[in-house]
Amino acid sequence: MSLMFDVDAAVYPFPAKPIRLSSDEKLAYRTKIKRLLQERDAVMVAHYYTDPDIQALAEETGGCVADSLEMARFGSQHSAATLLVAGVRFMGETAKILSPEKTILMPTLQAECSLDLGCPIDEFSRFCDAHPDRTVVVYANTSAAVKARADWVVTSSIAVELIEHLDSLGEKIIWAPDRHLGQYVQRQTSADILCWQSACIVHDEFKTQALQRMKLLYPEAAVLVHPESPQAIVDLADAVGSTSQLIQAAQTLPHRQMIVATDRGIFYKMQQACPDKELLEAPTAGEGATCRSCAHCPWMAMNGLKAIADGLEQGGSEHEILINDALREGALIPLNRMLTFAKDLKLKVRGNA
């Protein structure tokens, strides 16, 4: 356990929610964004957890809606000179790591991730230095600097297989930053894992008793859970997986109702995949002042239409992701190591949050 970061005591600097736009304002910004994408030779990639309006716009303009790794891979394979990344900052960094020749813009560089914030590089480096006999495995939801300090980068879709592989080689593991996912992987593999103690603010808020009550109200519903959730929530699941895996589970499970324990932004693509199914939000700590996220990442909410238009129009230091070459090359090594491992096992690597 890390004694250097207490996720329960952390007070995150949440941003103000974007100002609600009128229908006319939305139409004007959508038109402007489409024009700016063409003028900049840009393509827009949006994460599953952004608002439905943003995901729809990405699809309409030839971009993609995906998990963090697939967003970066789509951008690296696209001919556009510029990527507009609607997500949080580590996603923009991952795109830059895979596409150093492209201009990577974001609606705002202030869109953070509690997992990233909860694993600052200086403290994490000291933690790793204190355990030099352990292989360092970090989740994709980390800064470029933390990735560069690691031996492996991993996504939730391949985490169990990778840790099983390392355990078979007799390696002991440092896992960072998500404590819940680390504990889930440890239970699945029985590997020797030392977990950094950070958590996703959205998944950390799902509540066991409230979910049990909801299951009583909807006894025929399947429960879909992201493994960043606490163990007690995972234990109630019919399916556990990454964002892409949960969408697939919603398609393949026979249930007509789905209680979904992840960010509600996923409902846009999940409903596309399962138009005949009813999707229900899993309960969090409450609404308003009684919960911190209320099942929606406050930083993802910063990716509004106005912010996207500003990012494309203004560019510059307030919107462009820049990573020095040495750091980028250092972060690329463990990322490529994971991709090679997955290719050798013929596994489909999907991202996380």
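Glycine is treated like the rest: Cβ placed from N, Cα and C.
As given in Swiss-Prot:
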type: BINDING; residues: His47, Ser68, Tyr139, Ala140, Asn141, Ser156, His226, Pro227, Glu228, Thr243; note: iminosuccinate binding site
type: BINDING; residues: Cys113, Cys200, Cys297; note: [4Fe-4S] cluster binding site
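Recorded features from Swiss-Prot, shown on the structure.
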| residue | record | CB count, 10 Å |
| --- | --- | --- |
| His47 | iminosuccinate binding site | 28 |
| Cys113 | [4Fe-4S] cluster binding site | 26 |
| Tyr139 | iminosuccinate binding site | 29 |
| Asn141 | iminosuccinate binding site | 29 |
| Cys200 | [4Fe-4S] cluster binding site | 28 |
| His226 | iminosuccinate binding site | 30 |
| Glu228 | iminosuccinate binding site | 30 |
| Cys297 | [4Fe-4S] cluster binding site | 27 |
Residue from His47, Tyr139, His226 whose C-alpha is spatially nearest that of Cys297 ([4Fe-4S] cluster binding site), among the binding-site residues: His47
Diameter of the iminosuccinate binding set by C-alpha atoms, the set being His47, Ser68, Tyr139, Ala140, Asn141, Ser156, His226, Pro227, Glu228, Thr243, in angstrom: 18
Pairwise CA distance, Tyr139 (iminosuccinate binding site) versus Cys200 ([4Fe-4S] cluster binding site), rounded so that it is a whole Å: 12
Distance [Cα-Cα, Å, rounded] between Glu228 (iminosuccinate binding site) and Cys200 ([4Fe-4S] cluster binding site): 7
Residue pair His47 (iminosuccinate binding site), Cys200 ([4Fe-4S] cluster binding site) - Cα distance, angstrom, rounded: 16
